[in-house]
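This report concerns only the one structure given below.
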Amino acid sequence: MSSTSITLDTSSQQLNRSLVDIICDPPNFQPPNLNNQNTPTSRQQSPQHCLRDINLTCELCQKYFYKPRILSCLHTFCEECLSNNITYAKIPGYEGTQAIIKCLICGEFTSFPEKNLTSMLPYNFFANNAIDYLMIQSQNEKAIQCTACSDKTDAVSRCVECSEFLCLCCVTAHRRIRVTKDHKIIPLDTLRYDQSMVHRPVYCPTHSPEVFTYFCEVCKELVCKDCTILEHRGHKYERLSEALENQKPSVMKLLATNEKEKIPPIARALDDVQDMAARLHARTIATKQAVRSCTERCIREIEERCKILLSNIDNLYREKSDVLHKQQEVLQEKLMKNKAANQFVNYAFQHGSEAEIFELLDLMKTRLTDLNDEDLGYDEPEENDVIDHQFDSKAVEHIAENLGKIATSSVFLSYTKLYGPGVRTAKVEIETFFMIEVFDRKKERCCDHFSPGAIKVKIHAPEGFLINNKITDNRDGTFTVRYTPVTKGRYDVTVKIRGKSFPKNQFSVRVFEGIDYLKIGSNFLCFGERGVKNSEFKQPYGIATNSQGQIYVTDKTNNRVQIFDKFGTFLSEFGSRGTKQGQFSGPEGIAVDQAGMIFVADTENHRIQAFNANGTYHSKFGTKGSEEGELLSPCGIAIDKIGNICVADRGNHRVQVFTPEGKSLLSFGSYGDQYGQLNSPSFLAINNDNWFIVADNGNNRIVCYDSNGLYAQETGAKGSDPGEFSKPNGIVVDQEGFIIVSDTGNNRVQVLTPDLKYFSQFGCHGNNDVEFKQLTDVALTQDGRVAVSDTNNYRVQVF
C-alpha cells in the first residue's frame with residue numbers, strides 16, 4: 001500500500017486542524033501496544049508542532065487522538081470519546097435499535113447495529129502514524145522514552161512490526177528473542193528523514209501476527225499468507241501494491257469528480273452566502289443611516305415649522321396688543337376727564353363758600369352735563385385673547401408613520417414558480433398572462449410587501465423590441481403579469497426579483513396567429529348548401545386542414561371528400577359509393593399528416609383509407625371486427641407527433657393507434673362509464689404532450705389518456721350548462737393547448753383550457769350566422785381560425 005505524504009511545519013506553534021481528515025478504510029482490528037499509556041499517543045496535551053495536512057486532535061477531548069476511529073462522514077475521533085456519545089434509535093429499514101453517533105464537526109449521523117466500535121468503525125492509521133512521526137521530529141526538544149520497558153530510558157530505535165520505541169537495551173533484547181529477532185528495527189535518526197518507515201503494520205485479526213499482504217478479489221477483502229492457504233484457499237488474489245494500482249483509478253475518478261464538480265459549486269455557493277452576509281451588513285448600516293437622516297430631516301422641518309408658528313403668535317400678539325392699547329388710551333383719557341371734573345366739583349362743594357360755588361356753578365354744570373352726555377364709545381374690548389395652537393393629536397402618529405417602515409424580504413428565489421398560459425404559447429394581439437409565485441425558505445408562500453419596481457419583466461419580441469407588460473401584486477404571494485403579443489414568432493421573457501435571477505427565470509413563448517375565443521361575434525367565412533354538386537353537401541361531417549390552408553370535408557351521404565381553398569373556393573373532390581379501393585360508404589373522420597397524406601375513416605366499410613395530396617388512392621388498413629387491428633364503425637382520426645394514425649374505434653368503444661402503413665401499435669378503452677372506459681367514442685385529438693383527448697360521445701364527457709394510453713383525467717356530464725355536453729363529437733387542440741369541442745346536442749362549440757376547465761362557448765340552434773344545426777366536427781386553420789362542419793345546415797362555417 002502506498003504511503004501518505006505528510007508535510008512537517010516545525011515553525012508552527014500549534015496543531016492546525018485540516019478541513020478534511022486524511023483517512024483510509026483499514027480492516028477492523030486493534031494494533032498491538034496501543035493500550036500502553038507510555039506510548040507517544042498517550043492522553044497528553046498537543047505539543048507545539050503541527051502537520052499541515054492532517055488533523056491530530058480529537059474535537060471531543062481536545063487532545064491527541066488515542067485509538068482514532070473514523071465515522072461514515074470521514075471525520076475522526078478517539079474511540080473512547082465516541083463510546084461516550086452513542087445514542088440508540090429505530091431506523092426505518094433496519095430491525096431493532098441501531099447505535100447512532102452524531103459527528104460533532106459536520107452533524108451527520110453514523111449508525112451501526114452494535115456498540116462494538118472496534119469491529120464496526122475503521123481505524124485511522126494515518127493519524128497514529130502522523131503522531132508517531134511528529135514525536136520523532138520533536139525528539140530534539142523532548143526525548144522519546146522506551147515503550148518496551150518501564151525504565152523510562154530514552155529510545156534510540158523503533159521496531160516496525162511491534163510499533164514500539166526501543167532503548168538500547170531493548171534493541172539488544174529484541175534481536176536475541178526468537179519471536180522478534182527478524183523484526184525490522186530502524187534508528188530514530190533515520191526515521192526523522194523517511195516518514196514512510198513510520199507506518200504501523202496492518203495485522204490480520206484472524207492470524208495475528210501475520211500482516212495483510214494480499215487482496216482477495218473474490219471476497220473483496222485484505223488477506224494474509226495464512227488466509228490464502230486456509231479461509232481463502234483457491235480464491236483469486238493479488239499483491240496489495242497491484243490491487244491498489246487497480247483500485248486507484250476508480251478512486252481518483254471519484255476524487256476528480258468531487259474536486260471539479262462538487263467542491264467548486266459549493267465554494268461558489270459559500271462565496272454567494274458570504275457576499276450576501278456582507279451586503280446584509282452594509283445594507284443594515286445604510287438603512288439605519290437612512291432612518292437617522294429621515295428623522296433628522298423631519299426634526300429640522302418640525303423645528304422650522306415651530307419657528308414659523310412662534311413668529312405667527314408674536315405677530316398676532318402685536319396686532320391685538322396695538323388695538324387694545326389704543327382702545328385703552330382712549331378710555332383712560334375719558335376716565336381721566338371724568339375723574340378730574342368729579343374731583344373738582346366735589347372739592348368745590350366741600351371747601352368753597354356759597355359765593356365761590358355760585359360763581360363757578362354754571363361752568364361745573366355745563367362740564368358735567370357735557371361729560372354725562374358724551375357717548376362712552378365702548379361695547380367690549382376691540383380685540384380678544386384668542387391665540388390657540390390648533391393641533392390634531394393624531395398628527396404626531398401621522399408624523400411618526402411618515403418616517404417610514406422597515407421592510408424586509410423572506411423570498412427564497414430558488415423556489416419561485418412561473419406558470420400560466422403565457423409562459424408557453426400566446427396569440428397575436430390577444431392579451432395573455434402568467435403568474436409569479438414566491439416562497440420563503442420553508443417553501444411557504446411569501447406575502448411580503450413589494451415596492452413598485454421590485455419585480456421586473458422584460459419581454460422581447462422576435463424583432464427585438466420590448467413588449468409592454470403590467471404587473472399586478474395580488475397581495476397573496478402571487479403576481480399577475482399581463483401582456484399582448486403584436487407579431488407571431490418566439491418571444492424571450494426574463495423575470496428578475498429585486499434585480500436577482502432565479503432558476504427558470506428566462507423562458508420563451510411561442511406566439512401564433514389565432515382568434516380570441518371570448519370575442520367570437522360572427523363568422524369569418526361560410527360556404528356550402530344542400531345538394532350533390534361541387535361545393536354542395538348532403539351531410540358535411542368530418543373536417544380537416546393542411547399546411548397550405550386547404551380545407552377537407554367528408555360529404556358523408558354523397559360518399560366523397562371535397563377540398564376547398566382557405567377562402568372556401570372549391571378545388572377538387574374524390575371518392576364515390578362502394579367498397580372498392582378509393583370508394584366510400586358513409587365516410588366520417590378525416591385527417592391530413594405533415595406530408596400531405598389524407599386519411600379517411602370509411603366508416604360503414606370499417607376501414608381507414610389513405611390518399612395522396614391530390615386525392616389518389618394510396619392504401620388502406622382495417623377490417624370489420626373487434627380483434628387487434630380490426631375496426632367497427634371507425635369515426636374520428638388524429639395524427640400524433642410522430643405520424644401515427646389514431647382512430648376512434650366507435651363500435652368497439654376503444655381507441656386504436658396504427659402506423660401509417662396500418663400496423664396496430666396500441667389499443668385502449670372498453671365499454672362502460674367508469675374511469676378510462678368509453679361509450680361510442682366519436683372523435684379524438686392529440687395535445688402538445690402527445691396525450692389523447694377523446695370525445696366520449698355516449699357518456700357526454702371528454703376523457704384524457706397519456707401517451708401510453710393510460711387514463712389521466714376527464715371532464716363533463718350530460719347537460720347544457722357551461723362545461724356540460726350533449727353528444728360531443730369533433731375535437732381539436734390549438735397550439736396553446738386549448739381544447740375546442742363540438743357540443744353537437746347543444747348546437748354549440750365549447751372551449752376548454754389545457755387542464756380541462758371551461759373557458760368559453762359560442763353558437764346556438766339556428767341557421768343564421770354563428771348558429772348551428774347538428775354541428776359535427778371542428779378543425780383549426782393555419783391562421784388559428786375554427787372551422788366547423790354545420791351538418792344539418794349543409795355548410796361549413798369558419799370563425
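Keep in mind that glycine also has a Cβ here, set from the backbone N, Cα and C atoms.
Feature annotations, reproduced from TrEMBL:
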DOMAIN    58-106  domain 'RING-type'
DOMAIN    141-188  domain 'B box-type'
DOMAIN    199-240  domain 'B box-type'
REPEAT    408-511  repeat 'Filamin'
REPEAT    527-567  repeat 'NHL'
REPEAT    571-614  repeat 'NHL'
REPEAT    618-661  repeat 'NHL'
REPEAT    665-708  repeat 'NHL'
REPEAT    712-755  repeat 'NHL'
REPEAT    760-799  repeat 'NHL'
Residues sitting near the repeat 'NHL' (571-614): Cβ under 8 Å, six or more positions beyond its termini, same chain? 534, 541-547, 550, 552-557, 559-565, 620-625, 630-639, 643, 645, 647-648, 651, 658, 660, 662, 683, 777
Residue numbers, six or more beyond the limits of the repeat 'NHL' (527-567), whose CB comes under 8 Å of its CB atoms: 573-578, 583-592, 594, 596, 598, 600-601, 611, 613, 615, 636-637, 730, 776-783, 787-791, 794-796, 798
Using a Cβ cut-off of under 8 Å, list the residues of the same chain at least 6 residues beyond the repeat 'NHL' (618-661) that approach it. 542, 581, 588-594, 597, 599-604, 606-612, 667-672, 677-686, 690, 692, 694-695, 697, 705, 709, 729-731, 777
Residue list, the repeat 'NHL' (665-708) vs rest of chain: Cβ under 8 Å, 6 or more residues beyond ends. 589, 628, 635-636, 638-641, 644, 646, 648-651, 653-659, 714-719, 724-733, 735, 737, 739, 741-742, 752, 754, 756, 777
Work out, from DSSP, the number of helix, strand and coil residues along the repeat 'NHL' (527-567). 0 helix, 21 strand, 20 coil
Across the repeat 'NHL' (760-799), DSSP yields 3 helix, 22 strand, 15 coil
On the 0 to 100 scale, where does the mean pLDDT of the domain 'B box-type' (199-240) fall? 86
Summarise the domain 'RING-type' (58-106) by DSSP state, stating how many residues are helix, strand and coil. 5 helix, 17 strand, 27 coil
How many helix, strand and coil residues does the domain 'B box-type' (141-188) contain under DSSP? 10 helix, 11 strand, 27 coil
